[in-house]
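The structure appears below as structure tokens.
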Amino acid sequence: MAAVRKALIAAAVAAFAALFGRTFLKLKDISLASREIPVKRLNCQYLKNIDYGAEDITILKDGLAFLSTGLKYPGLHSFSDEPGKMYVLDLLHPKMTPVELQIKGQLDLSSFNPHGISVYEDEADDSIYVFVVNHPEHKSQVEIFRFVEEDTLMHLKTITHPLLHSVNDIVAVGAEHFYATNDRYFHHEALQLLTFMFDLSWCDVVYYSPHEVRVVAGGFKSANGINISPDRQYIYVSDIMDHEIDIFRRNEGEQLAYVKSVAVGSLCDNIEVDHRTGDIWLGCHPNGLKLLKFDPEDPPGSEVIRIKNIHSERPVVSLEYGDDGRQLIASTVAVPYEGKLLIGSVFHKALLCIL
């Protein structure tokens, strides 16, 4: 009996070791841990006042940019314990200095933790609505604001729903309507690890309106950035762990129909779309393992990828900016405007570059 028990224990240990080894190799492959970080710098300068990251940035057609800053995300480094903030930047102003937005209304600013953002312009009355993914105490909710003055956001509504359980990014399609990505299935880190271990693609995209909330696309390893085409007919989603951008046709009734995927070869975070050309701009993590472990002596790098003609049979994927972390740590978003390029990061700084 003792010999049988020893044999079973040895078999269990061997199986566990094999599973651990397989998981380690799988995570190493997913995180692109062996990839060399590309270096291709531009003429850039740091944006003033942005010292703790600008995880997401979006720009209106008139050059007004909104920035979410100070994100605290489970498992990732942070240089500040202060609540997050929102900033606005006029790219047509000679000084181009971000100004902190004053938030008014019923919102607990002491736990404000902004993540992905989106802006909706109501053509009926020219109102500007700012949608912000918020993680107070690591929860997930969506805040809707109205931009009412040069430096003020009026809080209108907080949205929570069981389907919006781990929201990363958002794209507004109405004054109270949006698509949102869930970047994880489990909140517990050990359980989330199992999804990678067994290659489970359980993340999804959710459509929200005041009348209905439903899952409209699934099968993602980790649904991250999301945005919409200039003609508003297509939705783009970054499956960050699958290293690709998925394209969906937006059908009647806000249904999404899968069209195709474009490989990008990097861990791409947020998606921005050039409203004139339709080009896709991506802030990416060239080596995910460096991002997770964060060594200030060997910091995670940054990468900006552009996709031209994404709907054609041969989209052109190009590197527009690459850095080994000496200039910018952990880029998350890149958005062009009139020959300029804004690049944000998880917890570091933000760059204004000349293209």
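Backbone N, Cα and C define each Cβ position, glycine as well.
A TrEMBL annotation is a machine prediction, not a hand-curated record.
Here TrEMBL flags C44-C353 as disulfide bond. Under 8 Å, Cβ to Cβ, and six or more positions away along its own chain, C353 (disulfide bond) finds L42, N43, C44, Q45, Y321, K340, L341, L342, I343.
Remark: D56 (Ca(2+) 1 binding site) has L67, S68, P114, H115, G116, I117, D169, N270, T332, V333, G344 as non-local neighbours, by Cβ distance under 8 Å and separation of at least 6 in sequence. According to TrEMBL, the Ca(2+) 1 binding site annotation covers E55, D56, N168, N224, D269, N270.
Every protein chain considered, the tally of other Cβ atoms within 10 Å of the Cβ of H115 (active site, proton acceptor) stands at 24. Sequence annotations record features per position, and here TrEMBL assigns active site, proton acceptor to H115.
Annotation comment: TrEMBL describes I117, D169 as Ca(2+) 2 binding site.
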Task = Rank the binding-site residues N168, N224 by the number of other Cβ atoms within 10 Å of each Cβ, and give the residue at the low end.
result = N224
Inquiry  = So if I draw a 10 Å sphere around the Cβ of E55 (Ca(2+) 1 binding site), how many other Cβ atoms end up inside it?
reply    = 30
Key: Non-site residues, in chain order, whose CB comes within 8 A of the mean position of the CB atoms of E55, D56, N168, N224, D269, N270 at Ca(2+) 1   = H115, G116, D169, G225, S238, G283, T332, V333
Inquiry  = Just to be sure I understand the packing, how many Cβ atoms besides its own are within 10 Å of the Cβ of D169 (Ca(2+) 2 binding site)?
reply    = 29
Note = Note: in the chain of D269 (Ca(2+) 1 binding site), residues six or more apart in sequence with C-beta under 8 angstroms of its C-beta are N224, G225, S238, I240, L282, G283, C284, H285, S331, T332, V333
